Amino acid sequence: MLSMLLTILFLIPLSFMMNSYWSVQCMLFILSLIFMMYMQPTGLFCYLSYFMGIDLISFGLIMLTFWICVLMLTASESIYRFGYNYNFFILNIFFLLLMLFLTFSSLNLFYFYLFFESSLIPTLFLIVGWGYQPERLQAGIYLLFYTLFASLPMLSGIFYLYNKNMSLMYFMFSEDFIVNYLFYLIILFAFLVKMPMFLVHLWLPKAHVEAPISGSMILAGILLKLGGYGMVRVLKLVVSLGVNLNFIWVIISLTGGVIVSLICMRQVDLKSLIAYSSVSHMSLVIVGVMTMTYWGYSGSYTLMIGHGLCSSGLFCLANISYERSGSRSLLINKGMMNFMPSMCLWWFLLSSSNMAAPPSLNLLGEISLLNSIVGWSWFTMFFIALLSFFGAAYSLYLYSYSQHGEIYSGLYSCFNGSIREFALLMLHWVPLNLLILSGEYCMLWL
């Protein structure tokens, strides 16, 4: 595992070489395939050093990080083609990859916090440096202030924990160690904003809409998962408080998920629709983690991996349409089946995966979550039914409105799609639908 870390560090100088764009991509792809060989179906930590180690939950998320970073470079080919400071772009992606690798492989809560916050900086540079509109500065400030204001109190919570426990290592945390309401609130709130939970989600659609395709991919694919990962790690500290108080977050998330699903049905901006659908999916993940059951944790983890691939693929499709038409509006990107018939298949495949159609990983995750949430309380059945129904409804709405209907008269001709774009979409969809065959890695990590 340490070899992976060193390889990433030694790849960084490559970003300053001329015409290194495709070679960096190939090397990262090979690196992710090598990393896949390390997979061990065990919940134990494989140590890199005293403060760093990897178990199965962090392994899956690191693997996803490698995969998404390779696909980010593939999707952002226009940055290389038009020469928009692509050397600094590659450097930025390397730093982001490094920070996320260190975040997921930290065994110490303070190190986790340090890298968790550091991963914001390259993301902010992506949005502000390579975004499309002047509003990207406002989106960057939203992203920074929402997440920083929520996670600064968490730092005091970490110091309080160290004072009590004299250790911040995950495996030294004793079950139900702290019974302090304020600690429970500040340690969870940082992760709930990052997820994001309904009511503190406004930074996400704003950041997605202003971000370049690479920013949207890493934001939807990995950065939202940091919240779920953090909650899984720290909830064992506050089990008795969680049993009594978690219903608050469950109610907010379920109600919010339904409201956000209805908001999706009224969107005309492609990116905004996909961003709001992420909030809806993440609300299910929050509820699954808050049940604190085996199925809940496993289902949340599975849905996080599935959503990371699916949402990232949908953003790629939205970007492909945007590059042709110059607009994100569904009123202009309609009847695309006439212009790009080959892309229509990918729109259907990824939209159906988004509504958890078999055999996608989302299906496995949602079935596990459905069992755990309904087992936790019968009253949640109504909300779960609405969430599933509206999830299918807005996915169909996205597909049918973008592919069917009259062609916008302002568009005359369209390039159907390059091999690069088809390969990019295939590399999102194939793992999403094949990983269900090795479900033990998703369901047996506890």
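Every residue gets a Cβ built from N, Cα and C, even glycine.
Annotations in TrEMBL come from automatic prediction, not curation.
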> Which stretch, out of 2-21, 422-441, is listed as transmembrane segment by TrEMBL?
Replying inline: 422-441
> Mind checking which residues reach the transmembrane segment (50-74)? Cβ under 8 Å, same chain, six or more beyond either end.
Replying inline: 1, 21, 24-25, 28-29, 31-32, 35-36, 38-44, 90, 93, 96-97, 100-102, 104-108, 111, 213-214, 217-218, 221-222, 225, 229, 232, 301, 304-305, 308-309, 312, 316, 420, 423-424, 427-428, 431, 441-442, 444-445
> Which bits of the chain, at least 6 residues beyond where the transmembrane segment (86-104) starts or stops, bring a Cβ under 8 A of a Cβ in it?
Replying inline: 4-5, 8-9, 11-12, 14-16, 20-21, 24, 28, 52, 54, 58, 61-62, 65-66, 69, 72-73, 76, 79-80, 111-112, 115-116, 118-119, 121-123, 125-126, 129-130, 214, 218, 222, 226, 229
